[in-house]
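Scroll down for the structure; my scribbles are underneath it.
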């Protein structure tokens, strides 16, 4: 096959993603102090993004160096599983942050640890279930191109399910972050009244908190929304350029996640 520059860029993106998230996984795995629910969820996110980066590298290798339809299906299944786990892990982190504010008094308890493990099991169980159809049903796409979606060998129906699931997750995250903003504003106002802070100090504190949440949600939306919309509206007859142009920014989310959720954490910074 002639070398596609877009595939090269995706492979480079996968390499950067793998290196970034491998650092996070190693730091969390080998540091006994990082066993709190928050770090377990960050570790799950980093693991999912690490697998996504490895999947992009393997996809490039098996397309251009070791062509195999069977391996191609397995690689696509890995990518679907890992990206689904990445998005689901972002949702679990959002839920955890909301509960840590909403139930602040009971958050640091055995119940929270149990809930975290349940969320991790559900996250990876659902992600594996989403990743199996490309492996099991991808042969239909390889035999009949009209059954393919914009991403070969994903079937149209499967990609629609993935896109609808993404919009559901995004809607839940948006609602949770709005609730978090309300709680943060209420808490900072109460603290300002108790400590007799100036109105300007209260305004600055609230603005910083909301700005951080806006960056988190904005980065997620700007990376994934174009691709999710194109998955619903696009067709296999459309130029591959459109698929690459929307898929590449989606991979950048796995590149940004370590910076937002791990490298900005002061405890992880100390270990690094």
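Cβ coordinates are placed from backbone N, Cα and C, and glycine is handled just like the others.
Note that the coordinates shown come from a computational prediction; the quantities given were computed from them, not determined experimentally.
Feature annotations, courtesy of TrEMBL:
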TRANSMEM  6-31  transmembrane segment
DOMAIN    20-261  domain 'G-protein coupled receptors family 1 profile'
TRANSMEM  38-66  transmembrane segment
TRANSMEM  72-95  transmembrane segment
TRANSMEM  116-139  transmembrane segment
TRANSMEM  159-178  transmembrane segment
TRANSMEM  210-229  transmembrane segment
TRANSMEM  241-263  transmembrane segment
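Mean model confidence of the domain 'G-protein coupled receptors family 1 profile' (20-261) amounts to 85 (pLDDT, 0 to 100 scale). Within the chain carrying the transmembrane segment (6-31), a Cβ under 8 angstroms from the stretch's Cβ atoms is held by residues 39, 42-43, 46-47, 49-50, 52-57, 59-60, 63-64, 240-241, 244, 247-248, 251-252, 254-255, 257-259, 262-263, 268, 271-272, all 6 or more beyond its ends.
Of the candidate ranges 38-66, 72-95, 210-229, 72-95 contributes the most Cβ pairs within a distance under 8 Å of the transmembrane segment (116-139). Proximity of distant same-chain residues to the transmembrane segment (72-95), defined by a Cβ-Cβ separation under 8 Å and at least 6 residues beyond the stretch ends, is recorded for 38, 41-42, 44-45, 47-49, 51-52, 54-56, 58-59, 62-63, 116, 119-120, 123-124, 126-128, 130-132, 134-135, 138-139, 151, 153-154, 162, 165-166, 169, 172-173, 176-177, 220, 224, 250, 253-254, 257, 261.
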